[in-house]
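Here is the structure we will look at.
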Amino acid sequence: MNLTFYIFFLSLLPSFSSSKPMNCSDTTRLCSSFLAFKPNQNQSFSVIQSMFDVLPQDITADISGGYFFIKKNCSCLTTTHQYTTNTTFTIRQNVGYVYNVTVSAYSGLAFPPNTTRAARAGAVVSVQLLCGCSSGLWNYLMSYVAMAGDSVQSLSSRFGVSMDRIEDVNGILNLDNITAGDLLYIPLDSVPGEPYETSKINPPAPSPAPASSLANGNISDDQVNHTAKSGSHVPYIWIVGGLGVVLALLVLCILVCICLRSSSCSSSEEDGNGHNFQILRKSGFFCGSGRYNCCRSGDFRQTNGETQVVAIPKALGDGMFEIEKPMVFTYEEIRAATDEFSDSNLLGHGNYGSVYFGLLREQEVAVKRMTATKTKEFAAEMKVLCKVHHSNLVELIGYAATVDELFVVYEYVRKGMLKSHLHDPQSKGNTPLSWIMRNQIALDAARGLEYIHEHTKTHYVHRDIKTSNILLDEAFRAKISDFGLAKLVEKTGEGEISVTKVVGTYGYLAPEYLSDGLATSKSDIYAFGVVLFEIISGREAVIRTEAIGTKNPERRPLASIMLAVLKNSPDSMNMSSLKEFVDPNMMDLYPHDCLFKIATLAKQCVDDDPILRPNMKQVVISLSQILLSSIEWEATLAGNSQVFSGLVQGR
């Protein structure tokens with residue numbers, strides 16, 4: 001019976017079984033590599049981003065060939081001495097097995113988990129992708145799965161590489177010895193493909209077919225021939241059609257002029273303290289790729305939609321948004337979407353308001369409700385979120401306002417706050433997170449912070465990083481939220497600095513920020529170090545301990561407690577003191593060396609001297625390497641469903 005099942009299982013595997021990793025010797029090696037991926041019709045641009053865990057700028061394309069080229073960091077695994085890069089894959093259907101579903105999705109670029117588990121919709125699978133690092137003769141190596149008809153000569157011509165190079169890298173002795181499904185490494189001197197224009201994500205719809213053909217579901221050969229034979233009538237049709245187009249353009253110009261005139265008169269003459277805005281009432285706010293169409297260039301009014309004029313505080317008027325403008329909703333829409341702000345829709349309370357679940361224009365959203373006295377924080381969050389867009393940052397959709405209240409509308413992040421999944425999760429109806437999931441969440445949050453610190457046109461500090469401001473989506477991927485305290489960082493000759501009054505949450509505040517009010521990216525890194533300690537220990541940022549000689553309990557920062565513990569844990573082989581502070585909900589299902597590395601990284605992040613703290617780029621690299629090691633550890637526990645599910649069952 002077992003043999004029959006095994007043979008049946010093998011028969012289901014795709015034809016990409018010949019993909020093999022590239023061997024390596026230097027386990028400290030880290031390089032940039034590319035993966036050539038040809039998506040199927042169900043894999044949109046946003047799906048590809050998620051599958052490979054990359055940003056849009058990390059993807060180039062060869063549109064004519066139908067290929068995307070994904071840039072990934074590649075490293076040498078310490079156990080197998082093979083080059084790989086990691087990602088996660090969310091299974092969509094309860095069909096087949098994890099192995100063949102994963103291999104098929106990545107078209108042979110993946111080295112999936114060695115498991116015979118059945119695929120389960122919603123399950124998150126850790127996947128190793130096959131990559132390579134150049135020996136120094138070329139700038140990059142690109143992983144490419146051979147297709148039917150490929151040859152060394154055709155690949156040489158397509159990618160502008162000599163045949164000798166391809167043969168040398170892949171050890172090809174026979175030019176005809178290339179089989180469809182083989183994994184090849186293409187040496188490159190420059191980035192392949194061209195930058196992918198986001199406007200190509202949703203191509204325009206094709207012209208409609210004639211009604212008679214649509215009724216039958218196709219266009220017959222007779223219809224095609226009839227069209228071809230009617231060439232003598234084309235000039236007359238062109239003339240009539242041209243006149244129709246000109247007339248339509250004239251009508252459109254008149255409508256545009258009317259719209260522009262009405263917008264120039266939109267300022268309130270009756271109230272000198274306010275501005276009048278046109279409010280969209282019926283338009284949707286989701287684009288075809290599934291992302292939120294939140295902040296858009298130009299005016300946010302729609303000529304074919306019902307409009308309403310409302311008064312909005314002058315601080316939110318002209319000049320608040322430099323380029324992009326968020327969508328604006330009516331108070332009535334917000335009130336109806338949240339079921340009149342019912343307690344059953346309440347998601348939680350933040351520093352500056354309450355957050356409610358809402359169903360707005362048939363889409364799930366989160367709505368932050370603030371008093372009008374919080375205009376400064378409201379404006380700060382709107383301005384930042386209209387400039388930063390990243391898969392690990394919560395997306396802004398729009399806002400609404402009345403004389404007394406302000407409302408910010410965000411994407412709804414289904415699993416809620418990380419805090420609820422770390423601190424006594426069972427009492428909140430949550431299942432404890434596994435080690436792999438905690439590692440991935442830490443990396444996601446680090447990437448979001450790295451983005452606002454390093455990769456935006458103007459750099460920002462968040463100033464309120466904590467586990468309640470890190471949200472988890474349905475796949476348990478992390479997104480940073482609540483930018484009400486975010487601050488622009490100015491570059492000076494002595495580095496970056498932003499002088500401000502001290503704001504934030506006790507337990508996460510860096511020493512220099514508390515004493516001098518100097519907010520820098522290193523302030524965020526200190527707070528992130530505290531988050532890492534919470535992820536390891538499952539404890540809150542401030543712990544109540546029994547004070548000696550007094551009746552009142554003492555409140556101590558988690559960072560100071562963990563630093564004291566680490567003094568008695570010099571390495572991963574002698575970490576008995578540290579193990580006492582590891583979250584018992586993980587039930588000892590974690591690699592001790594990886595946990596010790598994250599604890600050490602957290603220790604570096606909370607160093608009293610901000611100069612000695614790593615930057616977020618270094619933190620991301622460290623967490624990526626730790627996750628790779630954790631995945632190797634996970635592979636040794638292939639039969640343990642508690643590890644692979646991402647959640648720890650039981651207890």
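Any Cβ shown, glycine's included, is placed from N, Cα and C.
Here Swiss-Prot annotates a disulfide bond for CYS76; of CYS24, CYS31, CYS74, the partner residue is CYS24. Listed in Swiss-Prot as the disulfide partner of CYS31, from the options CYS133, CYS253, is CYS133. Disulfide connectivity taken from Swiss-Prot links CYS74 to one of CYS131, CYS253, namely CYS131.
Among the candidates ASN86, ASN574, the residue that Swiss-Prot annotates as N-linked glycosylation site is ASN86. Ranked by Cβ neighbours within 10 A across all protein chains shown, the recorded positions ASN23, ASN73, ASN86, ASN100, THR505 are led by ASN86. Averaged across the topological domain 'Cytoplasmic' (258-651), pLDDT in this predicted model comes to 79.
Distance noted between the C-alpha atoms of THR505 (phosphothreonine) and ASP464 (active site, proton acceptor) is 7 Å. DSSP classifies ASN23 (N-linked glycosylation site) as strand under the three-state reduction. Residue environment of THR330 (phosphothreonine) contains 17 other Cβ atoms, counted within 10 Å of its Cβ in all protein chains. Considering only the recorded positions ASN42, SER468, the Cβ with the fewest other Cβ atoms within 10 Å is that of ASN42.
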